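Participant: Here it is: the structure, laid out below.
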Amino acid sequence: MDKLRIKGGKSLAGSVDISGAKNAALPELCAALLTAETVTLQNVPGLQDVATMLKLIRNMGVEAERSAHAPGTVILNAGPLSSPEAPYELVKTMRASVLALGPLLARFGEATVSLPGGCAIGSRPVDQHIKGLQAMGADIIVEHGYMLARLPKGQTRLKGAAITTDMVTVTGTENFLMAATLAEGETILENAAQEPEIGDLAEMLIKMGAKIEGHGSRRIRIQGVERLHGCTHQVVADRIETGTFLCAVAAAGGDVVLNHGRADHLEVVIEKLREAGATVTAGEGFIRIQASGRMKAQSFRTTEYPGFPTDMQAQFMALNAIAQGTSTVTETIFENRFMHVNEMVRLGAKIQIEGKVCVINGVEQLSGATVMATDLRASASLVIAGLVASGETFVERIYHLDRGYDQMEAKLRGIGADIERMKA
């Protein structure tokens, strides 16, 4: 098992190429299941979750190859698909596997998808996926840890429906969006998620021949078509990777350009960084951040897009930990999203948890120690903390990091960080 060694105290300078978004690439790989024609995806990040999704759809019989000539390009053909099943062995490490449910049901009329590992119906919105697809005419039962979905006897297509979810669900919106493209009639999604990755998925589906309006709003309208065709599509840049590097530079100090970064997808985070004291400028296909000295602590509350993203909460907390002043961070999206706090405290941070709120008293200096990553974004926050801590910091269990960041330590090293991957 690998770990990272970080020697803190170096400012950052240069440029970083932002990779394609994991949270767009995963549903877009599943969207290839909707057609028998070839789909080419460009700017696909080299992540563990992407590798798992490729393994999952290959297991179904999909031909999926990374191009030898074009890095980041994946060529997919679901024509020879033989088994509309997502087994537990391949699903247990990745919740996004539920995204195969809608496309399989829409194109093949059946799907058997394992419940994601550790997922209790009700605590995560898997029940919303089931309700929505049932509204479109699917018969779905949950037994032995699997969702078994079928079209009723004599029915060859899902039926368009009005679907209103009980809460905003990103993967639910994506599942219904994909399923509705091949449904009979019109589907209207109310209370839809507005994340840029959903807009990117919709743009890909439109290239495939889907009829979609309203993506990027709370109400999406889809007119079903009989078949979709292949397409070539470039995965949108990863706004969370972008935000992570912005926080790293704000914390460590420096002057860095993030190529392919989309400021319009990170407006709330960028505004907070400016209020903290960083200079952030942006243009077509880049964001530049300049920072020096201690930032000013910023309070925030996570909400659905376009609010402050829960996936940026831990990274910004690392910045607040060494900022001037006291801040509060309120987490409204997920439970158990403060698992990084105890590890940051080991580095010298002064943070108290009060229910869904963290109170952070900024300190002048963190000190290096051995810490353990507990999840994807927590691991990124510990890397940021390590960049500013005195002495050496070792971050263990970085397989979490590899799930969502494409060569993070190499990119940081390229802008001046003293960081290396080691065998634990």
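Counting begins at 1 with the first residue displayed.
Backbone N, Cα and C atoms are what each Cβ position is placed from, and that goes for glycine too.
Pulled from Swiss-Prot, these are the listed features:
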type     : residues                                                      : note
BINDING  : Lys22, Asn23                                                  : phosphoenolpyruvate binding site
BINDING  : Arg95, Arg124, Pro125, Val126, Asp127, Gln128, Asp311, Ile333 : UDP-N-acetyl-alpha-D-glucosamine binding site
ACT_SITE : Cys119                                                        : active site, proton donor
MOD_RES  : Cys119                                                        : 2-(S-cysteinyl)pyruvic acid O-phosphothioketal
Participant: Which state, by DSSP, holds Lys22 (phosphoenolpyruvate binding site): helix, strand or coil?
Facilitator: helix
Participant: At 10 angstroms around each C-beta, which of the binding-site residues Val126, Ile333 has the fewest other C-beta atoms nearby?
Facilitator: Ile333
Participant: Using the structure shown, find which entry in Lys22, Arg95 (the binding-site residues) has the sparsest Cβ neighbourhood within 10 Å.
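Facilitator: It is Arg95 that, of the binding-site residues Lys22, Arg95, has the fewest other Cβ atoms within 10 Å.
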Participant: List the residues of the same chain that sit at least 6 positions away from Asp311 (UDP-N-acetyl-alpha-D-glucosamine binding site) in sequence and have their Cβ under 8 Å from its Cβ, in sequence order, or write 'none'.
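Facilitator: Expected: Ile240, Arg377.
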Participant: Which of the binding-site residues Arg95, Val126, Asp127 has its Cα closest in space to the Cα of Lys22 (phosphoenolpyruvate binding site)?
Facilitator: Arg95
Participant: At the Cα level, what's the spacing in Å between Asp127 (UDP-N-acetyl-alpha-D-glucosamine binding site) and Asn23 (phosphoenolpyruvate binding site), rounded?
Facilitator: 20
Participant: Tell me the Cα distance separating Asn23 (phosphoenolpyruvate binding site) from Val126 (UDP-N-acetyl-alpha-D-glucosamine binding site), rounded to the nearest angstrom.
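Facilitator: Taking the Cα atoms only, Val126 (UDP-N-acetyl-alpha-D-glucosamine binding site) lies 17 Å from Asn23 (phosphoenolpyruvate binding site).
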Participant: Distance check, please: Cα of Asn23 (phosphoenolpyruvate binding site) against Cα of Arg95 (UDP-N-acetyl-alpha-D-glucosamine binding site), rounded to an integer number of angstrom.
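Facilitator: That comes out at 11 Å between the alpha carbons.
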Participant: To which of the binding-site residues Asn23, Gln128 does the lowest count of other Cβ atoms within 10 Å belong?
Facilitator: Gln128
Participant: Counting across all protein chains present, how many other Cβ atoms fall within 10 Å of the Cβ of Asp127 (UDP-N-acetyl-alpha-D-glucosamine binding site)?
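Facilitator: Step by step: centre on the Cβ of Asp127 (UDP-N-acetyl-alpha-D-glucosamine binding site), count other Cβ atoms within 10 Å, giving 17.
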